[in-house]
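**Student:** Quick one: this structure, given as structure tokens, is what I'll be asking you about.
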């Protein structure tokens, strides 16, 4: 029971049924219609079980398990009953008409479905619309949507919804969008009617093509109409109406108009009552007429047009009432009754009544010789009249469509850059089969056959043909093909439509002869059904939707569709312009038949459809009765059958929906290749067995692919897809987390507010108590009054009672304690501080340890141990900790104040001995909160305030201890100086463990473990450090337990040496320490000072640190020197390597300290701590942690400190400092023996050993001395490779040579040894960094080690193999970004370890130092001036720094190596090389190309080159004809094109513009303007204004991106080798303007930067360098920018006006956006917030334009001032005789004012109230826009009078004259002027004592309570709503849009919130709004010139609320998808 099965329904299609078991055990089946069927035992075995997908229904019918007609039908039935009217069939949408309004077409749904993939959300018509829009924008291909179905299925509504969606997602609220939407009401009025199947049936077909620009914004549309059903004008079937426009006109026009047109009710006209249905339920004809008139206005139909249309429509109705009667003497003649209707019709048609009568009753025709007129019969006259009426209506409809197109259609331009795509919507009549079908039904069904063929062709034929072409194994699917039907109708010879046309051209042709011809044509197949007999006028055709029989009577007449010549003559005589206009073609040309016209338009439609990517919407009607929730199975089954849904599902399910051409496939998936060569014809593509998809049509070559390769490719593709899906899932989860966080933050904020509220209450209480104490003091002195004495007495009494209660409780507690521990109470023992500290640190050794003495020395440093000594340490005298109550309430930074301000809940500042329920401070992270509670627990245990847990954990080593021990664990490298940090996994594991208490801490712990736990939390969680300090201080305040207090001070001192507090707590902590005990306060304060100065630590405290804290002694460490001595130095917790190095250098008297560093050794590892800010104690702690990890005791860690040479400077001189040279020398000798310094050449060892021989023994030779030297310098391995004697011999020989040139000076030999090692082994004196290459020259690996030393930069792999080596002359500079380090121009590296980033300061220091000391330079340009040294570009110059010339002024003496000449050299023309030696030719070639023949491939090997010339050489064209003389320099090179020229160019500079003649011409014009007019390099006849020149130079580049690099190159070219200083200055002005408009391309950017950097002395070079940004302005420079730079000012100031008539000057720049300026103004004015303010521009003609926040300031100014009144400006220029070409500049004002009135509370922001709110609201009040009482007006008048006169009472007499400035204009007549004066004076006197500013604020406070406060008011004309006045006042506020009657003001008509306004737009004189949903929304249209203001206000308010909604609403909310 309960199962679903399929039951045979008897109709051929099974029906769904559910199994039901009766009480008797019999099975029953209840079908979908509720009928019960008994099931016999025989039938039980034959029923089929229903697939689960068919039970509840699916959204996409491709997923149905029961893939048959029954499954499809039931799926539609189930979803229809569920209220789901949309269902997918792949990409085809099936829409079932619900016959009721559904709430699924709101603006929320538009946002929901926008930018979502098809199938991601439930089926919807919006999803199809969005798919069209998305595909059009992505593929830049036209789309179309074919909406098909029977009449009444909902095609028209679906079309309107798609249009509404496209307009909404276009998002511009433009007038063109509204015009396109407004075309629907007009077309429906004139082309739709009520039928028996549909109340709004479209009786014509239309194709709407919407055009979009490249940004996806609607820019126009075009309508095509097909086959209007004109016969409906004259005849309607029963229960049907005529076209809507007739009924709307009669119901909507005014009485006067009815009288003029002689119209009455619809029941009076024959044409309107033929169907016996005048009223249509659900339609309001009068309201629809108003809507139609609005639409006509929006679509630019004038009042004259509308009246002419009404006249023609009225004429048609009157013609329908004209009667004809046959004459008595002849049945063949007719007489016309001259009724009022006939006379009115003639009057409206503007023809003579007699001429009209003759044309309707007579027919004229030509005989051989004369024109014969024949009278018509009554029937013929009626037909003639009806034909005339139908012709007028049909032509009027066509004219209306053309008029609409003229308003909404924009012709495409011929500009190749112009990109336009379209989306076509086809809403055409559905298949029709009535009881009587005529010629119209044949044409309609023919159109449906064409569309069905298109659908079949797209879905079936083309798909299967494509598979066959691609040689894909495919079994063809059979489908319903209607090709034979189309052949019969229109394709094959003698087709039906051709025969009808042929017979129509025969004068004697009749319907009978036509039918006989069609029946006699032999035809194949059974598509055509001939007549049954000769008397039968019907024939049949088997259409794809079934058989249809057509009545051939009237076919020829309808097809001819021609008016008689008499009617044509009549029209020609009419004076009605519209009538003549609509029949213009008939009056001049012969018209083809109706079927011919229809076929022609249908063919053009099909051609348009076939070039688009189609989408299909199949509309179904569930029943013929237009009832909701009724599903007619037979009707729906028929529609399913001929819609081809079954075959569609089969082919979609089995087919391949994704197809790409080879180029598309390659472009999309080329990233999966392992090579950059993608040509399939190229053999070397990087894949031995390349697999290429084979396609004959798409150009795919043949292929051969193995399964393994295919599998590998699929795996790679799957990995990419999984990565993308994972990324999307992560983004959704991230959005969810953000949502949760936002809610939590909101909760915490509310909680914080409550806590602060309680805190304020506490502060108030304390304040009251303090005041009470003050009163008490006054009482004692006898100063207070009696009342004060009483208050003081009561306060003192209350305090006495509290103290007494406290003492009583304390006594009871003491009694309880004494009873529980009588012995302890009897003998209290004093606490000894020293004993307590010793107990606390009992884990430390008793002896005083000196750092660096434990254990064995590191390998290779054992020889330095023999001279180490242990220094003595003097202990300090300890002072006992006094007992004192903490009381610093009166101090500025007391801890009491801090606790009151920041502690949560009821937490106080004093000591407690219980666990906290919540942290003291607020923490957003839940993990931080849990950690705080854990730390509090450990602090209580450490201080002894609570007992230790009794549970003992049996684990030998707890996890927390392990992790704290492993914290910052180091993998110590063998490479000296390379320090690697802990992996991320360890940090993550640690942070997870340090949350909550857990099992690891719930056990007895030693004091050391507690210390490490507390500090460990502080180090791993930075945000809880203030919490830890607050917890410790809280336990120290008022702590009566001296033991606990002492432990707390010890803990505080330890923490202060590790990490500092934040700025929030700093001053309070310092204040607390100053008030602390003398034994710990100063000590802790000094530790805090040191920690703040040197930064926080990264490791927990080490043993010697704790020893220092224990005894408060000075910690001493021993540092070993390389000469065997050691120095003891003091070291505290904050000590850094820089401090130790400095102290040691001072002790040893080292002068040259550069490159010396502090090293630490540990076992076999030795690494550098540098000489910077690294904490020495952290390194020691790391060693101890390593010991703990090994399971040994930390105090025995064998670490040592050494002072060694780490780096040499390139200019190192050993003779400067003998001490440092001696230390370096000893380090080198030791390094030889310890294998630290190793060389593959034996001679290096021999030379150094010989020098050591001389230093040790002088010039004396002996075998014993030589043996000692060999043993001291040469390793055992090297000695074993050769005999000892051989080494002695080589060293002795070398020693003899050393003794010969050393001149018996040991210091010089030491220096030689140092220099020898420095030169030979620079890698051993380097700093190392691990980096990853992001870009640059190709290397073998992307991750490697960078070594920086005095010789250059070396790139090595992990095996020390050199990958690349750069000397400093090859490096142009180093730049640093947030994550990357750049070595220009092409090398970009990212540090792998954040704790050891690449030190670019080191490289920059080397470069700067070398340039300061260098004497070598290279020439950047040719100099041929005889006054100075002459040289050519690329010459090497040797500079003499002898002071001959002043280098400060940019000159120096130099010698050219090429010529040997000496002279003055300008520093601007040379580049100083960072080198001390002459650079090699290879370096010079790599940096500067010296040969004209150097190709781009050659240059590209030298990646360090960076200058504009190289870019120019690579990208410029070949030299050709230049100048006006036509000469050609055959020997010219590309480099010569770079130099400044005096003549125009004939070709663009860049090669990329050579093939484009238009852009090339623009480039030449631009250069001419740069050369001629602006820079003055060429004489001109007529002077042009700078703004005109800049427009010409930059205007084309702003429109064509390709020209932007050309402009940059032109300007820089003219500034190169230009001898005219004035010209160069003008060039800098142009470059300054250019950098503020658009950036150079990525390939030119670095060269432009180099051009600017090479000219540091130019004033504008730095500004230009800063201005190069990735911005893109829209318009050329503004006049203000040009004027500023013309005056050599790079700063631009603009005047801003405020509503209070005040102006201020603000600085703006070329890159300033409107929003930036608004924020800057708000900041300068000290406004509370910039939200709601905006900038507007006012022009002389009083046009106000709001400036868009996103636009650039100068673009907005220029765009606004350029657009309006262009013609007027030209006329003004002519009047003022401005014929010199000077552009006319329109004056304007930029005004800053409040735009959006939200969060406005008068009195909260005084500046805003006085500057903006009052001056903006006062005019609205005085104009009478607000509703107020008489009393309010009097009160406000008093305030305004005070604002006017202040305290000057003499102005009372002027009140009557000032009334317009005090009282609203509509309130002036409520009283006489004298009464007003009397009341205003009274109000003024009541408000005495307030200032002017207070009066203004009081005025605002009074009016802010009104609902219209802050509104923007607009008075408009409207005709949309009959119940509203003709003129209404619209007020836009933060609540919405108010409609107000301006006369009464009291009655607020209506208020529409923004949420109900779905669309709005503005035109030149109109403003439009749509209120409600997209289907049944009400339209409001008004006439106003301020529509743009209303549009801007609505957009701004809606955007504001949308941003607020986005901020609150979850990011992954389905209504607003991410």
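Backbone N, Cα and C define each Cβ position, glycine as well.
What TrEMBL says about a protein is an automatic prediction, not a curated fact.
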**Student:** Under TrEMBL, the annotation region 'Actin-binding' belongs to which of these stretches: 579-601, 602-624, 625-647?
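**Tutor:** Checking TrEMBL against the ranges 579-601, 602-624, 625-647, the region 'Actin-binding' one is 602-624.
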**Student:** In the region 'Actin-binding' (602-624), how many residues does DSSP put in helix, strand and coil?
**Tutor:** 9 helix, 8 strand, 6 coil
**Student:** Within the same chain, and leaving aside 149, 150, 151, 152, 153, 154, 155, 156, name every residue whose CB is within 8 angstroms of the centroid of the CB atoms belonging to the recorded ATP site, in sequence order.
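**Tutor:** So the additional residues around the site are 97, 198, 201, 430, 619, 621.
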**Student:** Could you tell me the mean pLDDT over the domain 'MyTH4' (1540-1686), as a whole number?
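**Tutor:** Overall, the domain 'MyTH4' (1540-1686) comes to a mean pLDDT of 82.
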**Student:** Would you mind checking how many other C-beta atoms are within 10 angstroms of the C-beta on residue 156 (ATP binding site)?
**Tutor:** 23
**Student:** Measure the Cβ-based neighbour count of residue 154 (ATP binding site), defined as the other Cβ atoms within 10 Å of its Cβ.
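**Tutor:** Other Cβ atoms within 10 Å of residue 154 (ATP binding site): 24.
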**Student:** Could you give me three numbers for the domain 'MyTH4' (1540-1686), the DSSP helix, strand and coil residue counts?
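**Tutor:** Counts, helix then strand then coil: 90 helix, 2 strand, 55 coil.
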**Student:** Please list the DSSP helix, strand and coil residue counts for the domain 'SH3' (1412-1475).
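**Tutor:** Tallying H, G and I as helix, E and B as strand, the rest coil: 8 helix, 25 strand, 31 coil.
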**Student:** Counting across all protein chains shown, how many other Cβ atoms sit within 10 Å of the Cβ of residue 155 (ATP binding site)?
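**Tutor:** Looking across every protein chain shown, the total is 28.
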**Student:** Within the chain of residue 152 (ATP binding site), which residues six or more apart in sequence place their C-beta under 8 angstroms from its C-beta?
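**Tutor:** The list for residue 152 (ATP binding site) reads 97, 195, 197, 198, 201, 621, 624, 626, given in order along the sequence.
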**Student:** Do any residues at least six apart in sequence from residue 150 (ATP binding site), in the same chain, have a Cβ closer than 8 Å to its Cβ, and if so which, in order?
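**Tutor:** 197, 430, 431, 432, 619, 621, 639 - these are the non-local Cβ neighbours of residue 150 (ATP binding site), listed in sequence order.
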